[in-house]
Amino acid sequence: MSETTKGPDHGHSHVALHGEQGPLSEDDRARQRRATRIMMLVLIPIGIWTLVAMIVMWPGDVSGHLRDNGTFSQPDVTLHDATVLEVRDIANAGQPGTDGTGEDTRPAGELTVQLDDGPETGQQVIVSVQPAVYASGVEVGETVKVYRVPIEGLEPSYQFTDFDRTVPLLVLLLAFGVALVAVARKRGALALVGLGFSAFIVVKFMFPALIAGSNPVAVALAGGSAILFVVLYVTHGFSVRTTTALLGTLFGMLVATILGWLMVQWAHLTGVASEDDTLLWSSTPDMQLTGVVICAIIITAVGVLNDVTITQASAVWELSGSDADESRLFSRAMRIGRDHIASSTYTIAFAATGASLATYLMMIVYNRPLLEVIGMEEFSMEIISTLVGALAVILAMPLTTAIGVAVVSASRDRRGELAPVGTSDNGRDELLDLDTNDPNWSPASSGSGRRLPKLPRPGGRTTEPTGSRAAGADDPGPKPKRQA
């Protein structure tokens with residue numbers, strides 16, 4: 001008989017309770033080992049390729065791959081902090097606008113600021129602010145960023161460049177970390193470790209490798225695979241369930257890569273959709289902008305893929321304690337997956353819309369037919385990225401489900417009862433794979449130390465499942481039967 005129990009304190013415990021059943025036979029254990037071995041035969045070569053690819057493509061000093069176009073690297077120009085002392089409106093010089101006369105009459109701003117660092121620390125200077133920035137509001141006491149531009153034979157010139165956002169960002173980052181750890185506890189702390197590793201791979205490997213001219217698709221696959229291997233196992237632990245999710249995620253990433261490459265070629269995306277793209281192209285002569293588009297598509301898909309596959313793998317394991325056969329288990333898990341796919345599709349679409357809202361608003365500004373506007377590269381790129389990511393998620397979900405069901409099936413004994421793929425909370429917010437057919441197994445050995453509930457028997461009597469006593473508990477053994 002297979003039962004699903006829930007502990008009083010933590011999560012679910014899906015443990016097969018087999019009454020007086022003995023350990024698994026050698027045939028059953030061989031099937032389990034075979035299922036795990038097949039997954040390892042797939043993952044180990046991928047892991048080796050990822051490691052070798054990262055070693056080969058790991059960038060050194062990329063300064064030789066940057067072209068000095070004078071935009072950001074003017075000699076002796078430095079960036080400094082300054083505090084706003086006074087704010088004044090000034091007449092606009094007549095920039096193009098929409099007031100009916102062809103000119104924008106909204107005022108610009110003039111700020112008196114005190115320099116907080118640099119050679120002229122403590123001095124007051126006047127800087128001007130463009131109307132679009134000034135319209136957002138500038139308050140006395142705010143900290144702003146200014147460029148110091150030296151002029152031979154004259155006093156240096158100062159130019160407003162941006163607002164200082166260090167404090168708000170640090171406070172929000174701290175609040176995020178505290179909330180994550182407070183709610184998710186150990187899992188949240190491990191998720192922060194995974195995020196830190198992901199940021200390291202993206203900043204120290206993927207960005208420099210792209211600038212150095214490495215193949216963007218190889219960079220995205222190697223970097224994405226490295227992130228997934230570490231993040232999934234660090235956050236969710238080493239288990240068959242996590243390995244199942246990893247296989248599904250890697251498959252989805254491969255789908256995103258193939259679809260992204262095909263769509264970039266078919267739609268003839270150049271990677272040059274704005275002035276920033278043109279500036280990037282002129283500053284990095286070795287970088288392939290079309291490949292960067294594919295790389296962006298892959299990175300976009302990885303996050304959502306991870307969410308869907310780990311949830312789907314968990315769903316299979318949550319349902320595996322039932323007596324359903326493989327077909328019914330797959331159908332039940334797919335019903336859960338369909339709901340998740342629907343919500344994930346909304347997530348991808350709304351996240352992409354929010355991230356590129358200004359771009360989509362330009363569709364109204366252009367005042368042209370919708371199909372004509374979305375055919376422009378800046379819009380097509382966003383739409384293709386969103387749809388490719390959604391397709392990868394949709395296809396990865398049933399594959400992850402099938403892998404999970406196959407592993408669960410291989411872990412059932414010949415009577416169809418689930419054995420070692422059950423999971424149990426060990427009291428430390430960790431889900432462990434258990435082998436309840438092990439004659440030495442007990443709740444204490446799984447770390448929970450809690451007795452399993454008694455099982456009902458015919459006639460209203462109850463009996464304790466095998467192994468339900470904690471290690472070290474007194475067990476007098478079965479009482480002798482009375483003689484008639």
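A Cβ is built for glycine as well, from the same backbone N, Cα and C atoms used for every other residue.
As given in TrEMBL:
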{"type": "COMPBIAS", "residues": "1-12", "note": "compositional bias 'Basic and acidic residues'"}
{"type": "COMPBIAS", "residues": "437-446", "note": "compositional bias 'Polar residues'"}
{"type": "REGION", "residues": "1-28", "note": "region 'Disordered'"}
{"type": "REGION", "residues": "417-484", "note": "region 'Disordered'"}
{"type": "TRANSMEM", "residues": "38-58", "note": "transmembrane segment"}
{"type": "TRANSMEM", "residues": "166-183", "note": "transmembrane segment"}
{"type": "TRANSMEM", "residues": "190-211", "note": "transmembrane segment"}
{"type": "TRANSMEM", "residues": "217-234", "note": "transmembrane segment"}
{"type": "TRANSMEM", "residues": "246-267", "note": "transmembrane segment"}
{"type": "TRANSMEM", "residues": "287-305", "note": "transmembrane segment"}
{"type": "TRANSMEM", "residues": "341-363", "note": "transmembrane segment"}
{"type": "TRANSMEM", "residues": "383-408", "note": "transmembrane segment"}
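The largest share of C-beta pairs under 8 angstroms with the transmembrane segment (383-408) comes from 246-267, of the ranges 38-58, 217-234, 246-267, 287-305, 341-363.
Segment contact is absent for the transmembrane segment (38-58) and the transmembrane segment (341-363), given fewer than three CB pairs below 8 angstroms at sequence separation of 6 or more. Residues 39, 42-43, 46, 217, 220-221, 224-225, 228-229, 232-233, 290, 293-294, 297-298, 301-302, 305-306, 308-310, 312-313, 380, 384-385, 388-389, 391-393, 395-397, 399-400, 403 of the same chain lie 6 or more positions beyond the ends of the transmembrane segment (246-267) yet place their CB under 8 Å from a CB of it. Long-range neighbours of the transmembrane segment (190-211) within the same chain, counting only residues 6 or more positions beyond its ends whose Cβ lies under 8 Å from a Cβ of the stretch, are 54, 57-59, 62, 65-66, 177, 180-181, 184, 219-220, 222-223, 226-227, 230-231, 234-235, 284, 286-287, 291-292, 295, 299. Residues 65, 202, 206, 210-211, 213, 215-217, 219-221, 224, 227-228, 248-249, 252-253, 256-257, 259-261, 264, 269-272, 277, 280-281, 344, 347-348, 352, 381, 384-386, 388-389, 392-393, 396 of the same chain sit 6 or more residues outside the transmembrane segment (287-305) yet have a Cβ under 8 Å from a Cβ within it.
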